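Undergrad: Before I ask anything, here is the structure I am working with.
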Amino acid sequence: SSNRTEFSPLTFILTGIPGLLMSSYWMALPLCCLYLLMLLGNCTLLWMIKTDHSLHTPMYYFLSMLAMADLGLSLSTLPTMLAIFWFQSTSLRFEACLAQMYFIHSFSAIESGVLVAMAFDRFVAICYPLRYASVLTSSLVRKAGGAVFLRGICVVLPVAVLIKNMPFCRSHVLSHFFCLHQDLLRLVCGDVKVNSLYGLTVVVLTKGLDSLTILLSYTMIIRAILSIVSQEARAKAFSTCISHLCAVLIFYIPLIGLSITHRFGKHLPPLTHTLLADAYLLVPPVLNPLVYSWKTKQIRRRILILLCQRG
């Protein structure tokens, strides 16, 4: 039957790691450690930027937005991860699954937008250094941050509304320990053309357009760096971009891999899909604080001061 009322309440069955028992605590422990590392790293970044007035600059304001997006992205999947790997609870109500899907895709779009804002920050700093303070004012940073968060919140909302009214009559087993739009569409027995088209449009207008904007920014940044005569000044200018470049690669490589496998890798083992999805949602929030702590002198110095004070 294609009538949802027969499944009352409608629930989905979440999948842990294919081939592993739900009670595999040796897998749950590393996952929990990753979440703890993510919380510690991003909360430390936010605390340092808030308390250290030398970090009250556009670059670090955008970095704090990235940390908040990372926190939101990871915390969206934390409840179901704990439920599956620690309490062996695999069932999830449709409403909870829908909410989780919405927050995952919203924070993902927000993170992509923040990376664009950070690319613009590096573009102005390197291509127009004398105009940096006059262009990237506090007002502009606030407006840019508000626009990025508003876009992420609004653009994903129709995705949730469209799928909410779809009939689910096939197997209710999902491929991951969290809910993704592509995974839910696979279980719909009605016409999903509108859902698929809008979902594709959202991806193109957010992550697709964002990646092209970042690429264009770095094309102009590289041209500006190559025009610098001094080898030392050229290396210094490029070093200010390394952290952001790492953040872009950490975010987009798993995302592209996941998108390709969802559309063209149906013959691949389920473990491949699971690992790529986990990497997409867990790797950037864990690695971004480490990358910025390692490559950014001000943050590294601040961490060393804190460690010395505690020592």
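Including glycine, each Cβ sits where the backbone N, Cα and C put it.
Dumping what TrEMBL says about this protein:
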{"type": "DOMAIN", "residues": "41-292", "note": "domain 'G-protein coupled receptors family 1 profile'"}
{"type": "TRANSMEM", "residues": "12-40", "note": "transmembrane segment"}
{"type": "TRANSMEM", "residues": "60-87", "note": "transmembrane segment"}
{"type": "TRANSMEM", "residues": "99-120", "note": "transmembrane segment"}
{"type": "TRANSMEM", "residues": "140-163", "note": "transmembrane segment"}
{"type": "TRANSMEM", "residues": "241-260", "note": "transmembrane segment"}
{"type": "TRANSMEM", "residues": "272-292", "note": "transmembrane segment"}
Undergrad: Suppose you look only at the domain 'G-protein coupled receptors family 1 profile' (41-292); what would the mean pLDDT be?
TA: 86
Undergrad: Which sequence positions outside the transmembrane segment (60-87), separated from its termini by at least 6 residues, show Cβ-Cβ distances below 8 Å to it?
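TA: Hits for the transmembrane segment (60-87): 14, 16, 22, 24-25, 27-28, 31-32, 35, 38-39, 42-43, 45-46, 49-50, 100, 103-104, 106-108, 110-111, 114-115, 117-118, 121, 141, 145, 148-149, 177-179, 247, 281-282, 284-285, 288-289, 292, 298.
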Undergrad: When each of 99-120, 241-260, 272-292 is checked against the transmembrane segment (140-163) for Cβ pairs under 8 Å, which one has the most?
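TA: The listed stretch sharing the most Cβ pairs with the transmembrane segment (140-163) is 99-120.
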